[in-house]
Amino acid sequence: MMRSHYCGTLNRSHVGQAVTLSGWVHRIRNLGRFIFMQIRDREGIVQVFFDEKDDTLFKVASQLRAEACVQIQGQVIARDEAQINPEMATGEIEVLVQNVLVYNNAEVLPLDFNQNNTEEQRLKYRYLDLRRHKMAENLKTRAKITSFVRRYMDEHGFLDIETPMLTKATPEGARDYLVPSRVHKGKFYALPQSPQLFKQLLMMSGFDRYYQIVKCFRDEDLRADRQPEFTQIDVETSFLTAEEVRALMENMIHSLWLDRLNVDLGKFPIMSWQEAMQHFGSDKPDLRNPLELVDIADIVKNVEFNVFNEPANAIDGRVTVLRVPNGATLTRKQIDEYTQFVAIYGAKGLAWAKINDINAGMDGIQSPVAKFLNAEIFNALIERTAAQNGDILFFGADKWQVVTDAMGALRLKIGRDLALTDQTAWKPLWVIDFPMFERDGEGNLSAMHHPFTAPKDLSPDQLAADPIKAVANAYDMVINGYEVGGGSVRIFDPKMQQTVFNILGINEQDQQEKFGFLLDALKFGTPPHAGLAFGLDRLTMLITGTENIRDVIAFPKTTAAACLMTEAPSYANPQVLQELAIQTTVETE
């Protein structure tokens, strides 16, 4: 027997028992007559000690290094009262070593567990980094989340059904990872960006409640919360309304937070996309932050200040203000930094006004734009924003998208900088009623979610007549500013699906080539269906309290989509490429 107990499970009830432990040497203290070691496994740490009276054991112990892998056999004894360590779960006991087996000693480590290592070092030696307590706890939490989800789904009648990994490239918003076919030379499979079409086909097959915890792949630029391969909790249902799907999934997340964090998230508020963008400048608003954007175009549309009046009177313009309580203490340097920050989002400047004394009229206002705005305008601004003495107002005026993005980002930054965002709170919500389409950089229409999302209360002819005004029957779950899940009611009418493809500029030939199987399937008694997908990585990131998604994935990629440990991606063997009928235009190094 290699192990009788996990290290972290030993306690006073085991005193007097003989135990066999297997794990790693965490720390070593040589006190001359005794050598004390902390032995670690996935469940925790326990202290063991060697007595010099046993020369053989003592000699072995003196040659061990940190992170050596060992087996310890010994007797559990109670610590003296003065030696109890309340900071250790096993701090009331220790193990007198009676035998030791060294599975493998360790060389000098390339990581220092007692200090912060660079992320590059951590990813290169990931197998060592995962031995750290925090990382081990993150992965254990992830495993418990997936176990919880499987139990919940099983209890609610869902079937876990696998869908293909090698599939057909379809336009879903990001670039595909392609896999060449050896048998069908010149042809490629695509790794799925999501199981979207397959889960809809399962609904057409009669499996009315499907779920899968599944790997997905997107070849896109990475961020702190994005990876080229990620894991979804994928869900699809038939004969349920959007409201019923949301209720079912809200209950799952509510129950998960209770299970993992003992936190009651309460009832999730529902907010329209328009409301979220208007008040928070984001379709995933962080409601822990009390700051809100206030539109003032009607107040400033007639002022003799082109920076304000032009966007205030433009169809695609927006003028808004962000009130920051007690913000008048901000220095000019800080304000300049915020001006540079909004420029990242295309803003040409950042007007501001400090409210020093409301009762003093214009003399109580400090602002570089005060000369363009009279007392009547400022009084209207103060009334609408409920500004108080000591506040500062930041103004955004430009095209709607620029102002919304810039002021939304500024809201978040100021919330963090001035500690206005409650880091201890949990603020979930649903965002609904998204636009069905948006315009890309060239003015063409694209699907805001994906082209299989149904519109709200429109016939195909009505949708075709004015697509830009169409509202999608879509919904996103947002927690603390992160989109943790998103879904929609799907199109189940072949005419509606063809109408959407036409609006997106997909001609009939491409429709048949890329989606012919779907259009055919829609003709044979397709049920109404709706679904949702959660990002497992992002959920785990929130529950564990980390801000880096790589901390909740065992072997993640860098922001350059590379694995530093295995050195993937790598060049392929020329002979293999020849078998695949592939020729590269890049010379191998």
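Cβ coordinates come from backbone N, Cα and C, glycine included.
In the record from Swiss-Prot, residues R218, D219, E220, Q227, G535, L536, D537, R538 bind ATP; the candidate from E162, E275, E483, E587 listed for the same site is E483. Listed ranges 196-199, 412-415, 424-427; the one Swiss-Prot annotates as region 'Aspartate' is 196-199. Across the residues annotated as binding ATP (R218, D219, E220, Q227, E483, G535, L536, D537, R538), the widest Cα-Cα separation comes to 20 Å. Secondary structure at L536 (ATP binding site), taken from DSSP and collapsed to helix, strand or coil, is helix. Cα separation, R490 (L-aspartate binding site) to E220 (ATP binding site), rounded: 25 Å. In this view, E220 (ATP binding site) is surrounded by 14 other Cβ atoms within 10 Å of its Cβ, with every protein chain counted. Listed in sequence order, the residues of the same chain lying 6 or more apart from E483 (ATP binding site) and placing their CB within less than 8 Å of its CB are D283, K284, D476, M477, G535, R538. Of the recorded residues, L536 (ATP binding site) and R218 (L-aspartate binding site) place their C-alpha atoms 15 Å from one another.
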